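Visitor: Features from Swiss-Prot:
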- Ser77: active site, nucleophile (ACT_SITE)
- Asp216: active site, proton acceptor (ACT_SITE)
- 361-385: coiled coil (COILED)
- 32-230: domain 'PNPLA' (DOMAIN)
- Asn115: N-linked glycosylation site (CARBOHYD)
- 36-41: motif 'GXGXXG' (MOTIF)
- 75-79: motif 'GXSXG' (MOTIF)
- 1-23: signal peptide (SIGNAL)
Amino acid sequence: MATTKSFLILIVMILATTSSTFASLEEMVTVLSIDGGGIKGIIPGTILEFLEGQLQKMDNNADARLADYFDVIGGTSTGGLLTAMITTPNENNRPFAAANEIVPFYFEHGPHIFNSSTGQFFGPKYDGKYLMQVLQEKLGETRVHQALTEVAISSFDIKTNKPVIFTKSNLAKSPELDAKMYDICYSAAAAPTYFPPHYFATNTINGDKYEFNLVDGAVATVADPALLSVSVATRRAQEDPAFASIRSLNYKKMLLLSLGTGTTSEFDKTHTAEETAKWGALQWMLVIQQMTEAASSYMTDYYLSTVFQDLHSQNNYLRVQENALTGTTTKADDASEANMELLAQVGENLLKKPVSKDNPETYEEALKRFAKLLSDRKKLRANKASY
(Lines of atoms letter the chains of each structure in order from A and count residues from 1; the text may use other names and numbers.)
(Lines give C-alpha, C1' and ligand atoms only; values in the text may rest on other atoms or scores of the structure.)
Protein backbone atom coordinates (compact mmCIF):
# COMPACT_ATOMS: atom_id res chain seq x y z
CA MET A 1 0.00 0.00 0.00
CA ALA A 2 2.81 2.38 0.95
CA THR A 3 4.56 1.54 -2.30
CA THR A 4 1.41 2.32 -4.30
CA LYS A 5 0.97 5.59 -2.43
CA SER A 6 4.58 6.58 -3.08
CA PHE A 7 4.19 5.72 -6.74
CA LEU A 8 1.07 7.89 -7.03
CA ILE A 9 2.85 10.78 -5.33
CA LEU A 10 5.73 10.41 -7.80
CA ILE A 11 3.34 10.45 -10.76
CA VAL A 12 1.63 13.58 -9.44
CA MET A 13 5.01 15.28 -8.98
CA ILE A 14 6.07 14.38 -12.52
CA LEU A 15 2.81 15.64 -13.98
CA ALA A 16 3.05 18.84 -11.98
CA THR A 17 6.61 19.41 -13.14
CA THR A 18 5.69 18.67 -16.76
CA SER A 19 2.70 21.00 -16.57
CA SER A 20 4.90 23.71 -15.08
CA THR A 21 7.49 23.22 -17.83
CA PHE A 22 4.87 23.50 -20.56
CA ALA A 23 3.37 26.60 -18.93
CA SER A 24 6.83 28.13 -18.68
CA LEU A 25 7.61 27.38 -22.33
CA GLU A 26 4.27 28.77 -23.46
CA GLU A 27 5.08 32.06 -21.69
CA MET A 28 8.48 32.39 -23.35
CA VAL A 29 9.17 35.48 -25.45
CA THR A 30 11.34 34.67 -28.46
CA VAL A 31 13.85 37.08 -29.99
CA LEU A 32 16.06 36.81 -33.08
CA SER A 33 18.87 39.31 -33.66
CA ILE A 34 21.05 39.62 -36.79
CA ASP A 35 24.31 41.61 -36.95
CA GLY A 36 25.46 43.98 -39.64
CA GLY A 37 28.36 43.17 -41.95
CA GLY A 38 27.61 43.81 -45.61
CA ILE A 39 28.18 40.82 -47.86
CA LYS A 40 29.08 38.80 -44.75
CA GLY A 41 25.32 38.55 -44.23
CA ILE A 42 25.78 35.29 -46.14
CA ILE A 43 27.00 33.74 -42.87
CA PRO A 44 23.84 34.35 -40.81
CA GLY A 45 21.83 33.63 -43.96
CA THR A 46 23.27 30.12 -43.94
CA ILE A 47 22.38 29.71 -40.25
CA LEU A 48 18.83 30.95 -40.80
CA GLU A 49 18.37 28.47 -43.64
CA PHE A 50 19.41 25.63 -41.34
CA LEU A 51 17.11 26.77 -38.53
CA GLU A 52 14.07 27.25 -40.73
CA GLY A 53 14.71 23.85 -42.29
CA GLN A 54 14.70 22.25 -38.85
CA LEU A 55 11.42 23.96 -37.95
CA GLN A 56 9.83 22.75 -41.18
CA LYS A 57 10.88 19.17 -40.43
CA MET A 58 9.71 19.27 -36.81
CA ASP A 59 6.32 20.73 -37.70
CA ASN A 60 5.97 18.79 -40.96
CA ASN A 61 5.18 22.07 -42.69
CA ALA A 62 7.13 23.22 -45.74
CA ASP A 63 5.50 26.65 -45.44
CA ALA A 64 6.81 27.25 -41.89
CA ARG A 65 8.71 30.53 -41.69
CA LEU A 66 10.90 32.12 -39.03
CA ALA A 67 8.40 34.96 -38.54
CA ASP A 68 5.92 32.35 -37.28
CA TYR A 69 8.17 31.53 -34.33
CA PHE A 70 9.83 34.76 -33.20
CA ASP A 71 8.07 37.57 -31.33
CA VAL A 72 10.80 40.08 -32.19
CA ILE A 73 13.27 40.04 -35.08
CA GLY A 74 15.91 42.77 -35.11
CA GLY A 75 18.81 43.71 -37.34
CA THR A 76 21.42 46.31 -38.15
CA SER A 77 22.84 47.04 -41.60
CA THR A 78 22.72 43.80 -43.61
CA GLY A 79 20.91 42.30 -40.62
CA GLY A 80 18.19 44.88 -41.16
CA LEU A 81 17.86 43.69 -44.74
CA LEU A 82 17.55 40.07 -43.58
CA THR A 83 14.96 41.14 -41.01
CA ALA A 84 12.89 42.76 -43.75
CA MET A 85 13.24 39.76 -46.06
CA ILE A 86 11.83 37.31 -43.51
CA THR A 87 9.11 39.59 -42.07
CA THR A 88 7.77 41.65 -44.99
CA PRO A 89 4.57 40.09 -46.37
CA ASN A 90 3.95 39.09 -49.96
CA GLU A 91 0.55 39.13 -51.67
CA ASN A 92 -0.45 36.04 -49.65
CA ASN A 93 0.51 37.69 -46.35
CA ARG A 94 3.46 35.36 -45.92
CA PRO A 95 7.15 36.40 -45.75
CA PHE A 96 8.26 37.31 -49.26
CA ALA A 97 11.48 35.33 -48.77
CA ALA A 98 12.06 31.91 -47.27
CA ALA A 99 15.35 31.49 -45.42
CA ASN A 100 16.76 29.33 -48.21
CA GLU A 101 16.41 32.30 -50.58
CA ILE A 102 18.71 34.59 -48.56
CA VAL A 103 22.09 33.30 -49.71
CA PRO A 104 21.01 33.16 -53.39
CA PHE A 105 19.86 36.79 -52.99
CA TYR A 106 23.39 37.84 -52.02
CA PHE A 107 24.92 35.85 -54.86
CA GLU A 108 22.57 37.42 -57.41
CA HIS A 109 22.61 41.02 -56.22
CA GLY A 110 25.79 41.40 -54.16
CA PRO A 111 28.13 41.95 -57.16
CA HIS A 112 25.87 44.76 -58.43
CA ILE A 113 25.41 46.39 -55.01
CA PHE A 114 29.16 46.36 -54.35
CA ASN A 115 30.25 47.33 -57.85
CA SER A 116 33.53 49.25 -57.56
CA SER A 117 33.04 50.89 -60.96
CA THR A 118 30.27 53.05 -59.49
CA GLY A 119 32.45 54.48 -56.73
CA GLN A 120 33.81 58.01 -56.51
CA PHE A 121 37.22 59.11 -55.22
CA PHE A 122 35.82 62.05 -53.24
CA GLY A 123 32.63 60.44 -52.02
CA PRO A 124 31.07 57.13 -51.01
CA LYS A 125 32.68 54.02 -52.42
CA TYR A 126 29.34 52.93 -53.96
CA ASP A 127 26.49 55.10 -55.24
CA GLY A 128 23.75 52.90 -53.75
CA LYS A 129 21.51 53.14 -56.82
CA TYR A 130 21.33 49.42 -57.46
CA LEU A 131 20.78 48.72 -53.77
CA MET A 132 17.79 51.06 -53.70
CA GLN A 133 16.49 49.62 -56.96
CA VAL A 134 16.49 46.04 -55.71
CA LEU A 135 15.00 47.02 -52.33
CA GLN A 136 12.12 48.81 -54.03
CA GLU A 137 11.60 45.85 -56.34
CA LYS A 138 11.56 43.28 -53.54
CA LEU A 139 9.84 45.20 -50.72
CA GLY A 140 7.40 47.27 -52.77
CA GLU A 141 5.27 49.80 -50.89
CA THR A 142 5.04 47.82 -47.65
CA ARG A 143 5.49 49.73 -44.40
CA VAL A 144 6.56 48.87 -40.88
CA HIS A 145 3.02 48.23 -39.60
CA GLN A 146 2.61 45.42 -42.14
CA ALA A 147 5.53 43.35 -40.82
CA LEU A 148 4.41 39.86 -39.86
CA THR A 149 5.99 40.09 -36.41
CA GLU A 150 7.60 42.81 -34.31
CA VAL A 151 10.75 44.20 -35.91
CA ALA A 152 13.61 46.34 -34.63
CA ILE A 153 15.72 47.88 -37.39
CA SER A 154 18.23 50.53 -36.37
CA SER A 155 19.68 53.55 -38.14
CA PHE A 156 21.18 56.88 -37.11
CA ASP A 157 19.92 60.37 -37.98
CA ILE A 158 22.90 62.59 -38.76
CA LYS A 159 20.77 65.77 -38.55
CA THR A 160 19.25 65.16 -35.11
CA ASN A 161 22.32 63.20 -33.97
CA LYS A 162 20.13 60.45 -32.52
CA PRO A 163 19.50 56.76 -33.22
CA VAL A 164 16.24 55.90 -34.97
CA ILE A 165 14.66 52.54 -34.20
CA PHE A 166 11.90 51.34 -36.51
CA THR A 167 9.46 49.07 -34.65
CA LYS A 168 5.76 48.30 -34.92
CA SER A 169 5.19 49.00 -31.24
CA ASN A 170 6.30 52.64 -31.59
CA LEU A 171 3.77 53.53 -34.25
CA ALA A 172 0.84 54.46 -32.00
CA LYS A 173 2.89 57.23 -30.37
CA SER A 174 5.15 57.99 -33.33
CA PRO A 175 3.32 57.30 -36.61
CA GLU A 176 6.10 59.06 -38.52
CA LEU A 177 8.12 55.87 -37.99
CA ASP A 178 5.73 53.93 -40.23
CA ALA A 179 8.12 54.31 -43.14
CA LYS A 180 8.39 52.19 -46.25
CA MET A 181 10.51 49.12 -45.70
CA TYR A 182 12.81 49.90 -48.62
CA ASP A 183 13.62 53.31 -47.13
CA ILE A 184 14.37 51.69 -43.78
CA CYS A 185 16.55 48.95 -45.26
CA TYR A 186 18.60 51.34 -47.37
CA SER A 187 19.10 53.60 -44.35
CA ALA A 188 20.18 50.66 -42.20
CA ALA A 189 22.75 49.69 -44.84
CA ALA A 190 24.06 53.20 -45.57
CA ALA A 191 27.42 52.78 -43.85
CA PRO A 192 29.51 55.97 -44.02
CA THR A 193 32.17 55.83 -46.76
CA TYR A 194 30.35 52.89 -48.42
CA PHE A 195 26.94 54.33 -49.39
CA PRO A 196 25.42 57.84 -49.41
CA PRO A 197 23.19 58.77 -46.44
CA HIS A 198 19.47 58.46 -47.15
CA TYR A 199 16.87 61.21 -47.00
CA PHE A 200 13.13 60.60 -46.97
CA ALA A 201 10.07 62.06 -45.29
CA THR A 202 6.88 60.79 -43.66
CA ASN A 203 4.04 62.46 -41.74
CA THR A 204 3.51 63.04 -38.03
CA ILE A 205 0.27 62.35 -36.17
CA ASN A 206 -0.75 65.95 -36.98
CA GLY A 207 -0.02 65.49 -40.67
CA ASP A 208 3.14 67.55 -40.58
CA LYS A 209 6.14 66.57 -42.67
CA TYR A 210 8.78 64.60 -40.76
CA GLU A 211 12.24 64.33 -42.30
CA PHE A 212 14.87 61.64 -41.90
CA ASN A 213 18.58 61.91 -42.75
CA LEU A 214 19.85 58.44 -41.99
CA VAL A 215 22.98 56.30 -42.04
CA ASP A 216 23.83 52.78 -40.89
CA GLY A 217 22.64 51.99 -37.36
CA ALA A 218 26.07 50.62 -36.49
CA VAL A 219 27.10 54.26 -36.06
CA ALA A 220 25.00 54.17 -32.89
CA THR A 221 27.24 51.28 -31.69
CA VAL A 222 24.64 48.63 -32.37
CA ALA A 223 26.55 46.45 -34.84
CA ASP A 224 25.17 43.62 -32.69
CA PRO A 225 21.49 44.56 -32.21
CA ALA A 226 20.72 41.81 -29.69
CA LEU A 227 20.44 44.16 -26.72
CA LEU A 228 18.32 46.53 -28.81
CA SER A 229 15.99 43.67 -29.79
CA VAL A 230 15.70 42.59 -26.15
CA SER A 231 14.89 46.18 -25.17
CA VAL A 232 12.08 46.31 -27.72
CA ALA A 233 10.66 43.07 -26.31
CA THR A 234 10.83 44.25 -22.68
CA ARG A 235 9.24 47.58 -23.57
CA ARG A 236 6.34 45.77 -25.23
CA ALA A 237 5.91 43.80 -22.02
CA GLN A 238 4.48 46.91 -20.37
CA GLU A 239 1.54 47.01 -22.79
CA ASP A 240 1.19 43.67 -24.58
CA PRO A 241 -0.10 40.67 -22.54
CA ALA A 242 1.77 38.31 -24.87
CA PHE A 243 5.03 39.78 -23.53
CA ALA A 244 3.94 40.02 -19.88
CA SER A 245 6.20 37.18 -18.70
CA ILE A 246 9.35 39.29 -19.20
CA ARG A 247 8.26 42.29 -17.18
CA SER A 248 10.91 43.37 -14.68
CA LEU A 249 13.59 42.05 -17.07
CA ASN A 250 12.76 38.41 -16.37
CA TYR A 251 15.23 36.93 -18.86
CA LYS A 252 14.33 33.45 -17.64
CA LYS A 253 11.23 33.81 -19.79
CA MET A 254 13.14 34.76 -22.92
CA LEU A 255 14.73 32.76 -25.73
CA LEU A 256 17.35 34.85 -27.54
CA LEU A 257 19.16 33.81 -30.71
CA SER A 258 21.86 36.24 -31.87
CA LEU A 259 23.59 35.74 -35.23
CA GLY A 260 26.93 37.37 -36.04
CA THR A 261 28.60 38.03 -39.38
CA GLY A 262 32.07 37.01 -38.24
CA THR A 263 35.12 38.69 -36.76
CA THR A 264 38.84 38.26 -37.34
CA SER A 265 41.84 37.58 -35.16
CA GLU A 266 44.35 37.96 -38.00
CA PHE A 267 47.46 39.85 -36.95
CA ASP A 268 47.47 42.07 -40.03
CA LYS A 269 43.88 43.13 -39.34
CA THR A 270 44.68 44.33 -35.80
CA HIS A 271 47.12 46.96 -34.59
CA THR A 272 49.65 47.64 -31.82
CA ALA A 273 50.08 50.75 -29.67
CA GLU A 274 53.54 51.27 -31.14
CA GLU A 275 52.18 51.09 -34.68
CA THR A 276 49.31 53.53 -34.08
CA ALA A 277 51.19 56.04 -31.90
CA LYS A 278 51.92 58.27 -34.89
CA TRP A 279 48.65 57.79 -36.75
CA GLY A 280 46.78 60.85 -37.95
CA ALA A 281 43.06 61.44 -38.53
CA LEU A 282 42.98 59.73 -41.93
CA GLN A 283 44.57 56.50 -40.72
CA TRP A 284 42.27 56.31 -37.70
CA MET A 285 39.23 57.05 -39.85
CA LEU A 286 39.92 53.97 -41.94
CA VAL A 287 39.75 51.58 -38.97
CA ILE A 288 37.79 53.30 -36.20
CA GLN A 289 34.38 52.08 -37.40
CA GLN A 290 35.61 48.49 -37.57
CA MET A 291 37.04 48.81 -34.06
CA THR A 292 33.90 50.31 -32.53
CA GLU A 293 31.68 47.70 -34.18
CA ALA A 294 33.86 44.87 -32.88
CA ALA A 295 33.94 46.40 -29.40
CA SER A 296 30.18 46.98 -29.22
CA SER A 297 29.47 43.42 -30.41
CA TYR A 298 31.81 41.98 -27.80
CA MET A 299 30.32 44.05 -24.98
CA THR A 300 26.76 43.21 -26.00
CA ASP A 301 27.54 39.49 -25.98
CA TYR A 302 29.44 39.81 -22.69
CA TYR A 303 26.53 41.58 -20.99
CA LEU A 304 23.84 39.22 -22.26
CA SER A 305 25.77 36.02 -21.56
CA THR A 306 26.53 37.28 -18.03
CA VAL A 307 22.89 38.14 -17.33
CA PHE A 308 21.56 34.82 -18.61
CA GLN A 309 24.22 32.87 -16.67
CA ASP A 310 23.48 34.77 -13.46
CA LEU A 311 19.83 33.79 -13.83
CA HIS A 312 20.83 30.14 -14.47
CA SER A 313 19.27 30.47 -17.92
CA GLN A 314 22.38 30.24 -20.09
CA ASN A 315 20.64 27.77 -22.42
CA ASN A 316 18.11 30.48 -23.25
CA TYR A 317 20.75 32.58 -25.02
CA LEU A 318 22.71 31.45 -28.06
CA ARG A 319 25.25 33.63 -29.85
CA VAL A 320 26.31 32.14 -33.19
CA GLN A 321 29.55 33.77 -34.28
CA GLU A 322 32.67 32.89 -36.29
CA ASN A 323 35.67 34.51 -34.59
CA ALA A 324 38.41 33.48 -37.01
CA LEU A 325 37.65 34.98 -40.41
CA THR A 326 40.69 35.24 -42.66
CA GLY A 327 41.66 36.84 -45.95
CA THR A 328 38.91 38.28 -48.12
CA THR A 329 36.14 36.94 -45.87
CA THR A 330 36.90 39.76 -43.42
CA LYS A 331 35.76 42.36 -45.95
CA ALA A 332 32.20 43.65 -45.83
CA ASP A 333 32.15 44.55 -49.53
CA ASP A 334 34.02 41.79 -51.38
CA ALA A 335 31.18 40.39 -53.47
CA SER A 336 33.33 38.36 -55.83
CA GLU A 337 31.86 34.93 -56.46
CA ALA A 338 34.94 33.29 -54.96
CA ASN A 339 34.59 35.21 -51.71
CA MET A 340 30.85 34.64 -51.47
CA GLU A 341 31.49 30.91 -51.87
CA LEU A 342 33.99 31.14 -49.01
CA LEU A 343 31.48 32.97 -46.80
CA ALA A 344 28.82 30.34 -47.50
CA GLN A 345 31.36 27.68 -46.53
CA VAL A 346 32.17 29.60 -43.33
CA GLY A 347 28.49 29.38 -42.41
CA GLU A 348 28.33 25.66 -43.16
CA ASN A 349 31.52 24.93 -41.21
CA LEU A 350 30.32 27.03 -38.28
CA LEU A 351 27.46 24.60 -37.71
CA LYS A 352 29.98 21.88 -36.87
CA LYS A 353 32.01 23.99 -34.42
CA PRO A 354 31.56 23.94 -30.63
CA VAL A 355 29.62 26.82 -29.12
CA SER A 356 32.54 27.73 -26.86
CA LYS A 357 35.58 26.28 -25.11
CA ASP A 358 33.42 25.51 -22.11
CA ASN A 359 30.51 24.15 -24.14
CA PRO A 360 31.31 21.25 -26.50
CA GLU A 361 27.80 21.33 -27.95
CA THR A 362 28.06 22.22 -31.65
CA TYR A 363 26.13 25.12 -33.11
CA GLU A 364 24.14 22.60 -35.14
CA GLU A 365 23.10 20.77 -31.97
CA ALA A 366 22.34 24.02 -30.18
CA LEU A 367 20.20 25.26 -33.07
CA LYS A 368 18.28 21.98 -33.16
CA ARG A 369 17.62 22.40 -29.43
CA PHE A 370 16.45 25.95 -30.04
CA ALA A 371 14.25 24.79 -32.92
CA LYS A 372 12.60 22.20 -30.66
CA LEU A 373 11.79 24.87 -28.07
CA LEU A 374 10.43 27.19 -30.74
CA SER A 375 8.32 24.42 -32.26
CA ASP A 376 6.93 23.22 -28.92
CA ARG A 377 6.13 26.76 -27.81
CA LYS A 378 4.25 27.47 -31.03
CA LYS A 379 2.20 24.29 -30.64
CA LEU A 380 1.37 25.07 -27.01
CA ARG A 381 0.15 28.54 -27.92
CA ALA A 382 -1.85 27.19 -30.86
CA ASN A 383 -3.53 24.60 -28.62
CA LYS A 384 -4.39 27.24 -26.03
CA ALA A 385 -5.86 29.52 -28.69
CA SER A 386 -8.10 26.71 -29.98
CA TYR A 387 -9.93 26.39 -26.65
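Including glycine, each Cβ sits where the backbone N, Cα and C put it.
From a predicted model like this one, the values you see are computed outputs, not experimental measurements.
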Visitor: Check each residue in the chain of Asp216 (active site, proton acceptor) that is at least six apart in sequence and keep those whose C-beta is under 8 Å from its C-beta; list them in sequence order.
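Guide: Same-chain residues close to Asp216 (active site, proton acceptor) (Cβ under 8 Å, separated by 6 or more) are Gly36, Thr76, Ser77, Ser155, Phe156, Ser187, Ala188, Ala189, Ala190, Ala191, Pro192.
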Visitor: Which residues, given as numbers and ranges, are at least 6 beyond the ends of the coiled coil (361-385) yet have a Cβ under 8 Å from it?
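Guide: Residues packing against the coiled coil (361-385) from afar: 22, 25-26, 28, 30, 47, 50-51, 54-55, 58-59, 68-70, 255, 257, 315, 318, 320, 350-355.
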Visitor: DSSP on the motif 'GXGXXG' (36-41): how many residues come out helix, how many strand, how many coil?
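Guide: The composition, in the requested order, is 4 helix, 0 strand, 2 coil.
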Visitor: I'd like to know which of these recorded positions, Ser77, Asn115, is least surrounded, judged by other CB atoms within 10 A.
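Guide: Candidates: the recorded positions Ser77, Asn115. Fewest Cβ atoms within 10 Å: Asn115.
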